[in-house]
Amino acid sequence: MSGPRAPNERQSGPGGVKRGRLQQETGAVGSRVTVVLGAQWGDEGKGKVVDLLATDADVICRCQGGNNAGHTVVVDGKEFDFHLLPSGIINTKAVSFIGNGVVIHLPGLFEEAEKNEKKGKYDIFDFLYSENHIHSSYCISLLILFDFHQAVDGLQEMQRQAQEGKNIGTTKKGIGPTYSSKAARTGLRICDLLSDFDEFSARFKNLAYQYQSMFPTLEVDTEGQLKKLKVFAERIRPMVRDGVYFIYEALHGPPKKILVEGANAALLDIDFGTYPFVTSSNCTVGGVCTGLGIPPQNVGEVFGVVKAYTTRVGIGAFPTEQINEIGDLLQNRGHEWGVTTGRKRRCGWLDLMILRYAHMINGFTALALTKLDILDALDEIKVGVSYKLNGKRIPYFPANQEILQKVEVEYETMPGWKTDTTGARKWEDLPPKAQNYIRFVENHIGVAGGLFFLFFFFNF
C-alpha cells in the first residue's frame, strides 16, 4: 500500500516510468530549425533563398551531399559559387556548420575558399577561422572523400556505358563511391584523420588497395595523398567540433535562428528520387535529422524551392521535357547551365505531379517560386497536372523509371502575361495573368502555408 510521496521522490511519467534528470533537462523542445529544400531535380535557386534567409541567421548548416552541389549567390555585383561551403557563409555574423551527413573533399574545400576569396572583398579564410571567432565548423564524424573516390566515380561511369550503353550521368565528384564506403564501413572520417595518423595511413592504404583490386587501371599515389592530407588535417583541426553536442547546444542554449541548407533536391533523393538516376544521399527532410543529429520535433519551417518551370541535368525520365523551341527558349532565357559541371540543363514545363510528390515526403510549410520572369516571353504556358498510363489516369508518381518514361502528361494551358516581371517586388506588381499562374500552382499543390514569392535577376 502506497503512502504520501516523499518530497525528493521523482514523480512517475507516462506508463509509470520515472523521469530521470536527463529526461527532465531535455523535456523542452528547444529552438526549431528552418529548412530550405529543392522540390524538383535541383537547380531551383536554393542558394539565393538561403542567402536571403541567412541575413538574420545565427547558424547555417549543410546536412548531406558533397561538392556535387552547386549554389550561386550574387553579392554587390559579384558572383560566388559554393559547392561544399554553405552559401550563407557570406553572412559574417553566423557560424556555418557542415554536418556528419556530408562527404567532404578537403582539397576541394580549400580550393573553393581560395576561388571565392579572389572574387572580391570577402576573405573566406578569415571567415573560416580567426583567433577570436570560429565562423565555420565541421562535424568530427564527417566522412572524407578522397581523390581516388573521384577517379572511381569516372571509371564506374565508363563501365556502365560499356556494359549497358548508358551511364547515370554523375558529376564524377566521387560522391557515390564515398557513400558506398560509408555503407560498407570501410570509409574514413575526420576524427580518424585527426587521431593516430599512422593508423589512419594504414586504413587509407587498405581502402585504396580495395579499389585497385576492383579497378586494375586505377592509379593512387598513396604517399603523395597522405602527405597532403596531413597538411589539411592541421588546417582544419581548429574548426572541428563534435556535431551532436554542437547542434544540441545550438538548439537548447540561448535562442538561436538555425538555417539548414539542403543540397540537390527531392527527385534526386537516394530513397525517394527517380532511382537510379539520383544522388547518393537523402536530400529530403529526413536527411536533416540524420545528417545533423537533429530530433524531428526541432524541425520547424520547411521551405520548398520551386522553379516556375522544370529542369534536369543528366539522363533519366523527364515527363514534361520540351525538346523543341520552348525548351530552347527556357534554356537560353534561364541561363540553364550546371554550376558544378557546366552541363546544359534539359528544360520543360512545370510538373505538378512532381511537386505534390515532393510535398508528400517533405511536408512543406511554404514554397518559394523562382525564375517566374523567364516565362515573361511566352504567349501561352502549359502546366503538367496529371499522368496517364495506358489511357488511364494514375494517382501516384511512378517509382519505376520504365513506367515513368511511358506516362502521358495531361496539361492545363494558361495564357502568358507578355510583361516584364523582373522589377516586381510585391504581389500587386505582378500582372493578373502571372498572379493566376501562381494561384493555380498554389491550389494544386495544397501547401498549407501557401507560397511566398522571390524574384531574382538571372541575366548576370
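Our numbering is plain: 1 for the first residue shown, then up by one each step along the chain.
Note that Cβ sites are derived from N, Cα and C of the backbone, with glycine treated the same way.
According to TrEMBL, the protein has these features:
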REGION    1-24  region 'Disordered'
BINDING   Gly42, Asp43, Glu44, Gly45, Lys46, Gly47, Lys48, Gly70, His71, Thr72, Arg345, Lys371, Leu372, Asp373  GTP binding site
BINDING   Asp43, Glu44, Gly45, Lys46, Asn68, Ala69, Gly70, His71, Thr171, Arg185, Asn264, Thr279, Arg343  IMP binding site
ACT_SITE  Lys182  active site
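When the recorded positions Gly70, Thr171, Lys182 are compared by Cα distance to Lys48 (GTP binding site), the shortest distance belongs to Gly70. Here the binding-site residues are Asn68, Thr171; the one with the fewest Cβ atoms within 10 Å of its Cβ is Thr171.
Of all the recorded positions in the list Gly42, Glu44, Lys182, Leu372, the shortest Cα-Cα distance to Arg343 (IMP binding site) is found for Gly42.
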